[in-house]
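Novice: The structure follows.
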């Protein structure tokens, strides 16, 4: 709500007077000697868009003064029940149920300042992803990728990551949230790097999948990358205010099925039949995307991918709704959403699929040749505008990505 990252601060907003007050810790000499001074009143007023700053010790009295000027039964809204201040005022009511839903609804639309922070987070992430591409040909372990990414972000002033870095090589890329990042790169075809910097509390969420050398290591790797690239491009270009995000999610599955039919991985059915069977979930098990903001999976009022249960009757891919957290039935200008299709070759998922009727649509013998690819995911953060979209992520992909890998390899030759 305020962008204040300092500990032990409190924030109140008086709706009637439209007054935003930040309460900062009282000065503590011992704490200041050991840890440095805490945020002061003058600094708080200068740094943050607030109406007034006060010390924490005045909070309870301010609440009592506020309550004394209000009618009996006036309500103070708090985020959590354990945040209620202890005040001796029997007629004061606290509500911890209604504030979070209201805040969630407000957070789905970003203003210009918020978009600027997300844009800067993406710029830093792009720089870090590019540094990895320049150095990947000389790296030996997933841990080096993680360390280099962190180093690049911190050097640009972003000390915090939006989420735990995923640096998954080979078959590890088939694990959606792989974070061990401790295996050697030798003999692996691709690396899936899902990593994004945080800037002033706002997140970025960026994924690139790439080889260790400036060429595709196999026909299978190139084919899968091309499929995912098309899935992403087709979905992004359809983003606009009023578009239903769930339709883009289903479109991504249809494109995946079409392309996997072309490769021979799917067989014996039409796009509609395979979609209805759920077979595409074996290879694309997560949602197309989510909001980005103060959290990497940002909150919102209502999720497009988590409709009311009755609204799912007759919809394909019912099992996909949980991973997506987009709210509101249709996209609106000011939303920032990820578009992150992926195709994965998980041994566990394939073994499970063999036991199901949908296995008749999958050429298990052929798909075994793709297991060393692991998985491919490409993810950008996209701003919804009134007449379309703006991609806030500019990390290289495709041919430009390979060119940078090649430049780095030549410098080390």
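Indices start at 1 and increase along the chain as displayed.
A Cβ is built for glycine as well, from the same backbone N, Cα and C atoms used for every other residue.
Quick paste from Swiss-Prot:
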BINDING   194, 205, 379  Mn(2+) 2 binding site
BINDING   205, 340, 379  Mn(2+) 1 binding site
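Give me the local environment of each listed feature.
Specialist: The secondary structure of residue 379 (Mn(2+) 2 binding site), as reduced to three states from DSSP, is extended strand.
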Novice: Within 8 Å of the Cβ centroid of the Mn(2+) 1 site residues 205, 340, 379, which other residues of the same chain have their Cβ?
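Specialist: Other same-chain residues near the Mn(2+) 1 site: 194, 196, 206, 207, 289, 338, 339, 377, 378, 380, 381.
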Novice: Where residue 194 (Mn(2+) 2 binding site) and residue 340 (Mn(2+) 1 binding site) are concerned, what is their Cα separation in Å, rounded?
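Specialist: For residue 194 (Mn(2+) 2 binding site) versus residue 340 (Mn(2+) 1 binding site), the Cα atoms are 10 Å apart.
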Novice: Taking the Cβ of residue 205 (Mn(2+) 2 binding site) as the centre, count every other Cβ atom within 10 Å, in any protein chain shown.
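Specialist: I count 28 other Cβ atoms within 10 Å of it.
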Novice: Can you grab the distance from residue 205 (Mn(2+) 2 binding site) over to residue 340 (Mn(2+) 1 binding site)? Cα atoms, rounded to a whole Å.
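Specialist: Cα-Cα distance, residue 205 (Mn(2+) 2 binding site) to residue 340 (Mn(2+) 1 binding site): 9 Å.
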Novice: Please report the Cα separation of residue 379 (Mn(2+) 2 binding site) and residue 340 (Mn(2+) 1 binding site) in Å, rounded to an integer.
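Specialist: Pair distance, Cα basis, whole Å: 4 Å.
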